[in-house]
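According to TrEMBL, the features are:
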ACT_SITE  Cys430  active site, phosphocysteine intermediate
COMPBIAS  499-515  compositional bias 'Low complexity'
DOMAIN    1-379  domain 'PTS EIIC type-1'
DOMAIN    408-490  domain 'PTS EIIB type-1'
DOMAIN    522-603  domain 'PTS EIIB type-1'
REGION    494-515  region 'Disordered'
TRANSMEM  12-30  transmembrane segment
TRANSMEM  46-64  transmembrane segment
TRANSMEM  71-90  transmembrane segment
TRANSMEM  110-131  transmembrane segment
TRANSMEM  143-164  transmembrane segment
TRANSMEM  176-195  transmembrane segment
TRANSMEM  207-225  transmembrane segment
TRANSMEM  237-259  transmembrane segment
TRANSMEM  271-287  transmembrane segment
TRANSMEM  348-367  transmembrane segment
Amino acid sequence: MLEFLQRIGRSLMLPIAVMPAAALLMRLGAPDVLDLPFIQAAGSEIFVYLPLLFAAGIVIGMTADKRGEAVLAAVVGYFVLIKAMGVLLVDVGEYAADAAIVSRLPGNPLIGIIAGLVTAALYSRFSNLRLPEALGFFSGRRLVPILTSVAMLVVALALVLVWPLVWDGLASFNEFLAGLGALGAAVFGFLNRLLLLLGLHHVMNSFFWFNIGEFVTPEGTMVVGDIPRFLAGDPSAGVYQVGFYPVMMGGLVGAALAMIRAARPENRRKVAGILGSAALVSFATGITEPLEFSFVFVAPLLYGVHALLTGVSMYLTVSLGMTHGFGFSAGLIDYVLNFGLAQHPLGLAVVTVAFFVLYFAVFSVLIRVLNLRTLGRGDAMEDSEAQAASSAQPLPVAVAGRVGDEFSERAAGMLAALGGRENVDSVDSCATRLRLGVRDSSLADEGALMRYGAKGVIRPSERAVQIIIGSDVQFFADALAHLLAQPADADQRVGDAQSSAKAASEPERAAATTGTAGTAAAIELDALLDALGGADNLDEIAASAHTRLRVEVKRGAAVDESALRACGVRGVLLRGECVELLVGAGAEQHRASLQALRESARA
C-alpha cells in the first residue's frame, strides 16, 4: 500500500508541475499587473481542466512504458466517466441537472484520479493482448481506449451508488476544516513535513490544495481548492499555503546558518558552500529537500523540531489573518509574483524574519547542547562532505553515446552504486528526488551515491530507493534512463565505475556485481523457454556483449521473472516486449541453443 501511494504521489507531480504556468498567466493578465484578460483567461482555463490533467498524469506515472496510447485512453476514460455519471445521477439518483453534485463533476480532481487509475490498470493488463487476425488492427495498445470506454461505464454505474456519500463526506470535511481554522492549517503543515520523508506529501497536498473550498469568480466560474481559489482572487484562500513562506524563506535559511556556524573551523568554508547554496534555493524557489536532507538522518531531532515549527508557522500566520499563495512553492519568486493577491504580505515578511531568528537560535542551541553531528562537526560527516563536494567535479566515466556529459558520467557512477543495472527495475523522478524501483535496496551504497551527487538516500522498502538530488533531478533521471536503455556493450564501462564506487568500502559486493559478467553460467534451457512464455511467445533472440541475451517476445505479461532467475539467469530487465537476460559468458552459445530448442518445440 505504501508503495502504491508513493506512486500516486509521484504521478501527481506531473499535473502539479503545470501550476506555475497557470499561475504566471493568471497574474500577468490580472488587472493590477498587465490588465490583459485574454492572458488571465488562458491561465484560468488550465485549472478548469485540472481533473483531466490529473487523469493524464496518473496514467503516465502508473504505467511502465508511459506511452501516448495510455494517455489517450485516460482522456477518453475521463470524458466517458463524467458524462455517464452526470446522466446517471439525474436519471437514477434523481438529482436536478443543475445540482452541485452533478454540475461540479467535471471540476473534481478525484474523478480525474479515478479515471487515471482505472486506465493505468487496464493498460498494464491488456496493452500486450493479441486478438485474432481478423481483429488484428485493434490488438495491443490500440485496444486499451476501447476497453477503457466500456470499463468507465461500469465504473460510472458503481460510483453513482457511492458518490452521494463521497460528496456529502467531502462537504462535511470541508466544514470541519473550516471550523478548525488555524489549528487545521497547523496540523496540515506538521504532517506535510513528516510525510515528505516518505514521499507521500504530494497525496495530501493535492487534496488540501485542489479539493478544499469553493469560490465563484466574477465571471461566474466555479473554482475548487486552496491554490486555484487564491489565484482566482478569493480573499479567504491561501490558509494552507501562507505558513510555508516563513519556514522556506526564513526558517530554513536560519537553520543553514546555524549549522554553518556550528561546524568545525577547518570545515566551515566547505559546509558554507554546501548549505549556503541549498539555503539560497529554498529562499528563492521554495525547494527545501536538499537542505532538509542534510540534517534529517544525522540529527532526526532537528527535523522533528522543524516539522513542529512548520505547524507553528501555519497556525500563527492564519491566526493573524494573513493569506498568501503560490503556483509552485513558497519562495521569493512566488512571494513577489502573488504579492498583490495576498492579505498582509508585509506582515508576512516580518514573520519570515522572526522565523529566521527563531530557527537560527533553536538549531544553534540544540546542536551545541546535544552535540548533534550535523555537517562539519565530526570525522564521519567530513567524509560525506568530501563526497558531496567532489560530485561537482567531472568523473572519469564514459557512457555510450553521451561521453563527457556531466550528468551521464554521474549517472553511470550512481547506477554502479545502486548495485549495477541488473538491480534497477525502473527510474522515475518528482520535483527533487529520484524514485527507483530496485530488486534489493540494501545493495545501494549511500557513500558512493553521495559522491555522485546525492544529497540524501531513503529506502522506503526492500524494492525501492529514493535519492534526493535537488532541482537537477530530471537530468539525472534522463541520464539513468538513457544508460539503462543502452545496448549491453556499455556494461564494461559501467562495471569500471562500479568497481571504482565500491572497491574502497565493499570489495566483496563490487566483485559480486562486476565479476558476474565474465564467468560462465549454467542455464536450464527448457525451463528458460517456459519462463519466457513458451516457444510461440518468442519472436527474436540475439546475443550481445558476450554476456547477455536480448529476447523479443509477443506478450511481455507471459514472462515469469522469478522462474527466469530460478533457472540460472543472473539478471532480468523487462521492458514491454523486450527482455534482456544476463547469462554470463557464452551468451552466443545460449542463443544458438535456445533458438534450436524453440524451433524444435514449434516443429
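Glycine is treated like the rest: Cβ placed from N, Cα and C.
Bear in mind that TrEMBL entries carry predicted annotations, made automatically and left uncurated.
Residues 201, 203-205, 208, 212-213, 239-240, 243-244, 247, 292, 303, 306-308, 310-319 of the same chain lie 6+ residues outside the transmembrane segment (176-195) yet bring a C-beta within less than 8 angstroms of a C-beta in it. A Cβ distance under 8 Å defines the sequence-distant neighbours of the transmembrane segment (143-164), meaning residues of its chain 6+ beyond its ends; these are 69-70, 72-74, 76-77, 80-81, 84-85, 88-89, 92-93, 101, 114-115, 118-119, 122-123, 126-127, 129, 131. Contact check: the transmembrane segment (348-367) against the transmembrane segment (237-259) gives at least three Cβ pairs closer than 8 Å, residues 6 or more apart, which meets the contact criterion. Note: the domain 'PTS EIIB type-1' (522-603) comprises 35 helix, 24 strand, 23 coil (DSSP; helix = H, G, I, strand = E, B).
Sequence-distant contacts of the transmembrane segment (207-225) (same chain, six or more residues past either end, CB-CB distance under 8 Å): 44, 47-48, 50, 103-104, 107-110, 170, 174, 177-178, 188, 232-234, 236-237, 240-241. For the domain 'PTS EIIB type-1' (408-490), the DSSP counts in helix, strand and coil order read 38 helix, 23 strand, 22 coil.
The local packing around the residue listed as 'active site, phosphocysteine intermediate', expressed as other Cβ atoms within 10 Å of its Cβ over all shown chains, amounts to 24. Below 8 angstroms of C-beta separation, residues 51-52, 55-56, 58-60, 96-97, 99, 101-102, 105-106, 111-112, 114-116, 118-120, 122-123, 144-145, 148-149, 151-153, 155-157, 159-160, 163 of the same chain, each at least six residues beyond the ends of the transmembrane segment (71-90), sit close to that stretch. Within its own chain, the transmembrane segment (46-64) is flanked in space by residues 7-8, 10-16, 18-19, 21-22, 25, 70-71, 73-75, 77-78, 106-113, 115-117, 119-120, 123-124, 206, 210, 221, 223, 228, 231-232, 426, 428, 575-576, which lie at least six positions past its ends and keep a Cβ under 8 Å from the stretch. The average pLDDT the prediction assigns to the domain 'PTS EIIB type-1' (408-490) is 84.
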